[in-house]
Amino acid sequence: MTNYSLRARMMILILAPTVLIGLLLSIFFVVHRYNDLQRQLEDAGASIIEPLAVSTEYGMSLQNRESIGQLISVLHRRHSDIVRAISVYDENNRLFVTSNFHLDPSSMQLGSNVPFPRQLTVTRDGDIMILRTPIISESYSPDESPSSDAKNSQNMLGYIALELDLKSVRLQQYKEIFISSVMMLFCIGIALIFGWRLMRDVTGPIRNMVNTVDRIRRGQLDSRVEGFMLGELDMLKNGINSMAMSLAAYHEEMQHNIDQATSDLRETLEQMEIQNVELDLAKKRAQEAARIKSEFLANMSHELRTPLNGVIGFTRLTLKTELTPTQRDHLNTIERSANNLLAIINDVLDFSKLEAGKLILESIPFPLRSTLDEVVTLLAHSSHDKGLELTLNIKSDVPDNVIGDPLRLQQIITNLVGNAIKFTENGNIDILVEKRALSNTKVQIEVQIRDTGIGIPERDQSRLFQAFRQADASISRRHGGTGLGLVITQKLVNEMGGDISFHSQPNRGSTFWFHINLDLNPNIIIEGPSTQCLAGKRLAYVEPNSAAAQCTLDILSETPLEVVYSPTFSALPPAHYDMMLLGIAVTFREPLTMQHERLAKAVSMTDFLMLALPCHAQVNAEKLKQDGIGACLLKPLTPTRLLPALTEFCHHKQNTLLPVTDESKLAMTVMAVDDNPANLKLIGALLEDMVQHVELCDSGHQAVERAKQMPFDLILMDIQMPDMDGIRACELIHQLPHQQQTPVIAVTAHAMAGQKEKLLGAGMSDYLAKPIEEERLHNLLLRYKPGSGISSRVVTPEVNEIVVNPNATLDWQLALRQAAGKTDLARDMLQMLLDFLPEVRNKVEEQLVGENPEGLVDLIHKLHGSCGYSGVPRMKNLCQLIEQQLRSGTKEEDLEPELLELLDEMDNVAREASKILG
């Protein structure tokens with residue numbers, strides 16, 4: 001909408017009505033006058049033609065043209081100002097006489113088919129008006145009915161046509177229009193004068209007031225509106241002047257307050273400067289105190305761990321001696337208290353590192369599912385001891401090969417699940433892992449830990465992530481702890497680029513969840529066992545706990561199995577199944593041997609019975625296997641444990657391997673290099689059955705010398721060897737002219753993601769993980785045999801993963817499997833392990849007494865390799881843990897409990913081996 005000024009609006013409001021009314025009146029006057037003039041002209045013509053018609057009756061009767069001509073000429077001259085011509089027509093519509101022969105008389109004549117007028121008629125054509133009237137004989141009576149043809153009537157003598165000129169009327173009309181326009185312009189001028197005067201009386205004062213208000217806006221508060229004004233303008237003037245006076249008074253008061261506040265602020269700033277100096281000094285003192293405190297906590301925590309590890313270790317050793325029940329109870333109490341104290345010290349040490357910003361996260365490739373499976377397995381013992389069902393559900397779309405810090409991720413899970421176990425008396429603890437976001441290089445995962453514990457009151461939830469604070473002071477008295485676990489967890493999650501939160505309701509449980517960002521490792525090193533052999537098989541699944549059942553059903557849905565689920569064994573449809581998975585409730589405390597009838601019935605219903613056992617029931621695993629149970633799995637069931645057990649069923653169905661393409665030994669010359677005699681003997685025994693020529697070397701130097709002497713079709717190279725490692729030996733061998741194309745296969749026990757790429761980049765052709773399985777070795781030989789081509793496809797038997805009980809001291813079936821089913825070889829491998837144990841024991845004992853012997857990590861590595869072929873999974877895992885800790889920089893004195901446990905396990909292995917070796 002257009003914004004007009006007040007002057008323009010006033011002019012429009014004044015002139016518009018005046019112009020509109022004047023224009024309407026002028027139009028009305030001109031139109032009325034125009035019609036009036038035409039009517040006057042028509043009346044004048046009628047006053048001429050009607051008497052003339054009466055006067056010409058006699059002349060027409062006598063056909064006297066002269067008399068009629070004189071008569072119309074006189075009338076024409078008398079009225080020449082308006083008359084252009086007068087014409088008389090006879091009864092035959094022929095011109096009888098006219099007063100103006102210069103005009104065309106035909107324009108005044110009636111048409112041939114037009115009847116004679118019976119009375120006066122008027123027609124107009126432009127500036128011409130024609131009047132016609134009949135000449136009637138005196139014998140004619142108007143009362144007579146007219147004949148159908150006026151021309152043939154005896155009383156109609158003709159008619160007179162009078163042509164009038166309208167130009168004179170037009171001139172008069174123009175004069176009237178001019179007069180009206182002049183009068184309207186005069187009125188508009190008068191209105192303009194009055195409007196201008198009104199605008200001057202209104203806009204002038206308003207402009208004065210606007211200027212005054214503008215001066216007030218610019219700060220000239222002494223400005224006032226001057227001059228005489230009328231009515232409302234005077235009221236407005238007084239209002240503006242009053243407002244200016246109020247503003248001036250307010251401004252004066254405000255200025256006074258500002259001056260006073262400025263003075264006070266200046267004094268305050270001076271005081272704040274003094275306080276800032278004092279605060280800066282206090283801050284420096286506090287930072288120095290915090291630094292000293294952090295160093296003190298870190299140093300004291302480290303110093304306390306060393307003697308505490310000795311207390312724990314010697315307590316465990318004492319527990320293995322003959323003790324009275326009271327002494328054993330006291331020692332158990334000492335061990336539990338020492339373990340709790342060690343956990344507290346570890347928390348304080350981690351907290352100190354986080355506070356000091358000295359905790360550095362690793363960025364290494366690792367398998368996510370195996371990492372989570374490992375930590376959940378460790379936590380399952382304490383969960384099952386309390387009768388709590390622990391479940392782990394990793395969604396299938398979560399990537400497994402990631403890069404990050406697996407130990408810190410396990411620490412986060414341990415803290416959260418440990419709290420859930422601590423504050424839950426019955427029910428479930430469920431762990432859910434989902435993918436939240438995925439890109440080409442990163443994945444964000446969400447981990448939820450849900451429990452059915454006591455919950456956290458809303459008033460205490462704000463204190464949950466504060467250091468050395470717990471939701472309730474009585475918690476530390478009932479359950480122990482320092483209040484650092486969640487603080488450390490939060491800081492670790494933040495360091496991983498994530499966040500943590502929770503939701504809790506008293507007496508209904510809590511749900512903690514966190515998000516972390518992990519890099520994706522595009523190189524898949526270890527793949528899960530193939531489940532194609534399960535196609536068409538039926539599996540019966542019995543599990544009373546719905547959450548545990550759902551997790552397992554999610555795993556089974558990724559296989560081609562047909563699954564029949566029942567919450568109870570009695571409700572299971574009676575039929576014969578290929579496999580049966582029977583879940584034992586964690587609250588079940590009776591010996592499983594007492595369930596003989598139930599287990600016997602289950603065995604009769606299936607070809608392969610598997611039991612999902614809580615930790616406290618694992619003591620019956622070996623006895624159950626002897627009674628016909630196919631596999632005993634530890635709860636919670638995860639893909640890393642369940643899928644190999646399922647594919648073990650396929651392995652049992654295969655009595656022998658599928659035949660290879662050549663029934664005889666492969667025409668190959670293979671060299672195996674390993675510094676461990678047990679490993680070298682096993683590899684040699686396996687190769688003797690597969691290839692024609694085998695060369696064995698126990699060092700990298702010997703392998704290089706042997707490679708100089710003869711060509712090889714394939715070389716199996718151990719990586720970690722003294723003096724010269726496998727990578728350096730591979731480089732030297734490939735420098736030989738006749739060995740440049742010889743494939744070298746890396747053989748190592750470190751089956752970690754990223755290891756294969758490192759080895760391939762160093763010149764290795766392929767990768768073979770320890771312990772070496774006969775099937776995998778045979779497949780490798782077929783792939784690299786001369787003439788086959790590395791890219792050629794070889795029909796090989798399906799390789800199934802070995803189902804291993806990680807807590808077994810000696811698994812003879814596993815030892816036989818690792819020795820390719822050769823009993824003598826398995827016994828030799830076990831005996832070589834026993835012969836090697838005294839050397840390891842001496843080194844470990846030297847370390848425990850503080851002598852710090854050299855080569856401990858290499859010796860543990862060698863023992864780790866020997867355990868991989870001797871069927872001792874517990875000692876193998878323990879060696880792997882100690883080796884990883886030592887290689888990651890952990891000091892030997894910090895591993896005292898693990899070393900003592902290793903000594904105990906050596907005794908256990910020797911005791912179990914004596915039963916087999918005799």
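Keep in mind that glycine also has a Cβ here, set from the backbone N, Cα and C atoms.
Listed in Swiss-Prot:
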- 200-252: domain 'HAMP' (DOMAIN)
- 299-520: domain 'Histidine kinase' (DOMAIN)
- 669-785: domain 'Response regulatory' (DOMAIN)
- 822-918: domain 'HPt' (DOMAIN)
- HIS302: phosphohistidine (MOD_RES)
- ASP718: 4-aspartylphosphate (MOD_RES)
- HIS861: phosphohistidine (MOD_RES)
- 1-9: topological domain 'Cytoplasmic' (TOPO_DOM)
- 32-176: topological domain 'Periplasmic' (TOPO_DOM)
- 197-918: topological domain 'Cytoplasmic' (TOPO_DOM)
- 10-31: transmembrane segment (TRANSMEM)
- 177-196: transmembrane segment (TRANSMEM)
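Within the topological domain 'Periplasmic' (32-176), the DSSP-based counts of helix, strand and coil residues read 62 helix, 36 strand, 47 coil. Non-local neighbours of the transmembrane segment (10-31) in the same chain are 4, 173, 176-177, 180-181, 183-184, 187-188, 191-192, 194-195, 198-199, 202-203; each lies 6+ residues outside the stretch with a CB under 8 Å from one of its CB atoms. If you take the Cα of the residue listed as '4-aspartylphosphate' and the Cα of HIS861 (phosphohistidine), they are about 12 angstrom apart, rounded to a whole number. Per-residue pLDDT, averaged along the topological domain 'Cytoplasmic' (1-9), amounts to 63 for this model.
On its own chain, HIS861 (phosphohistidine) has GLN720, CYS879, GLU883 as residues at least 6 apart in sequence with a Cβ closer than 8 Å to its own Cβ. Cβ-based neighbour count (10 Å, all protein chains) for ASP718 (4-aspartylphosphate) stands at 27. Assigned with DSSP, the residues of the domain 'Response regulatory' (669-785) fall into helix, strand and coil as follows: 52 helix, 26 strand, 39 coil.
With DSSP classes pooled into helix, strand and coil, the tally for the domain 'HPt' (822-918) is 79 helix, 0 strand, 18 coil.
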